[in-house]
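Heads up: the structure comes next, in structure tokens.
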Amino acid sequence: MAIDKHATPMLDQLETGPWPSFISGIKRLRDQHPDARINAVTNDLLGQLEHSYETRKGYWKGGTVSVFGYGGGIIPRFSEVGKVFPSSKEFHTVRVQPPAGNHYTTAMLRQLADTWEKYGSGLITFHGQTGNIMFIGVDTPNTQNFFDEINDYGWDLGGAGPCVRTAMSCVGSARCEMSCTNELKAHRLLVNNFTDDVHRPALPYKFKFKVSGCPNDCQNAIERSDFAVLGTWRDDMKVDQAEVKHYIADKGRQYYIDNVITRCPTKALSLNDDDTLDVNNRDCVRCMHCLNVMPKALHPGDDKGVTILIGGKRTLKIGDLMGTVVVPFKKLETEEDYESLVELAETIIDFWAENGLEHERCGEMIERIGLANFLEGIGIEPDPNMLSHPRQSSYIRMDGWDEAAEEWFARQAEAGR
């Protein structure tokens, strides 16, 4: 049956630019999908969006929608103009956790798409900044039906609200030669251990895990996660001098100096007269620029592990925060190594849950109570690698210095150092 299409003159303008338009995608569902229900839903969605553009006002409001046994994972959206656009008056979003490293098979994707077209609008986002697969547009009764079906063949809801959120990891060694750790294993162990905290919000605010296999940090873990695991190495960078000479012969000596040598932030690289490369590994800060420019000539070292940073977040209360190093280097090879990683995460979340204020991220708590108190609370000794910059004031308080020194020496003696 033909539907009465809403006029969308303002939305039509979004299709005139050089880039793909989400409006075109929604119109294809409205005009070409064989399911009349999806045609009607997307038609009213376009109508409401056009109305919002005309009035410069959003008409979605929140509410409470969940599936049995879960306290999160659904983003409720109810329309304030549902009488005018009845087919899209309930347009909830379902967050579904992706596989570690976003490794899918086409069969998995077809199965998910078929189930979503059966119950939802047909609109899917891979992936939001949360890391989830976002299934956008389902009414309240079909929310449970959709979840039941995908859960039967192995998928689970992601996090929403004050809980442990969906973890993310890069594709890792599956296609990246810079990988320094088993990203997918670390990802799965953390997610599996905190599944209950993902589904039942009971924390001060959100807590995110992200795992990047090398300092390139393709997952933006340093900037966007409360618990960032970054692959790294602590021995010397591996240099293939023959490939260095080949690169210089191909690009030219001046190009090499301008785009590799002078781009090193700590001036750790120098080019010899015979076109070989010297690396001052002590000064290398793992910025990865030279390795990215010359992936055949330069490679991470053999002594690989991870660096753990805590407290990254984007703007909310006190602006953007980069993660703070709490473990400069940790091997992840044995099962005991991975268990200790999970135990550290448990300790940090427990401390934050007890000491964080409502709606306060872990990094904001560290800013409030101080890094020294945070490290003491989670049982980690301070390390010079945790400093982001030298002291800015030469005036410091010395009261309590002797007692603090005695406590430090006592801890060192207890640890047998």
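Glycine is no exception: its Cβ is also placed from the backbone N, Cα and C atoms.
Annotated [4Fe-4S] cluster 1 binding site per Swiss-Prot: Cys170, Cys176, Cys214, Cys218, in sequence order, evidence recorded as similarity to another entry. The DSSP secondary structure for Cys170 ([4Fe-4S] cluster 1 binding site) is coil. Cβ neighbours of Cys170 ([4Fe-4S] cluster 1 binding site) (same chain, under 8 Å, six or more residues apart in sequence): Gly101, Cys176, Glu183, Val211, Ser212, Gly213, Cys218, Gln219.
Its own atom aside, the Cβ of Cys218 ([4Fe-4S] cluster 1 binding site) has 16 Cβ atoms within 10 angstroms in the protein chains shown. Residues annotated as siroheme binding site in Swiss-Prot, with similarity to another entry given as evidence: Cys218.
Taken from Swiss-Prot, the feature [4Fe-4S] cluster 2 binding site applies to Cys264, Cys284, Cys287, Cys290, supported by similarity to another entry. If you take the C-beta of Cys264 ([4Fe-4S] cluster 2 binding site) and look for same-chain residues 6 or more apart in sequence within under 8 angstroms, you find Cys287, His289, Cys290.
Look at the Cβ of each of the binding-site residues Cys176, Cys290 and count the other Cβ atoms within 10 Å; the largest number goes with Cys290. Ranked by how many other Cβ atoms sit within 10 Å of their Cβ, the binding-site residues Cys214, Cys284, Cys287 place Cys287 at the bottom. Note: the Cα of Cys284 ([4Fe-4S] cluster 2 binding site) and the Cα of Cys214 ([4Fe-4S] cluster 1 binding site) are spaced 14 Å from each other. Report note: the [4Fe-4S] cluster 2 site is defined by Cys264, Cys284, Cys287, Cys290, and the residues of the same chain whose CB lies within 8 Å of the CB centroid of those residues, excluding them, are Arg263, Pro265, Thr266, Ala268, Leu269, Val285, Arg286, Met288, His289, Leu291. Look at Cys290 ([4Fe-4S] cluster 2 binding site): DSSP puts it in a helix.
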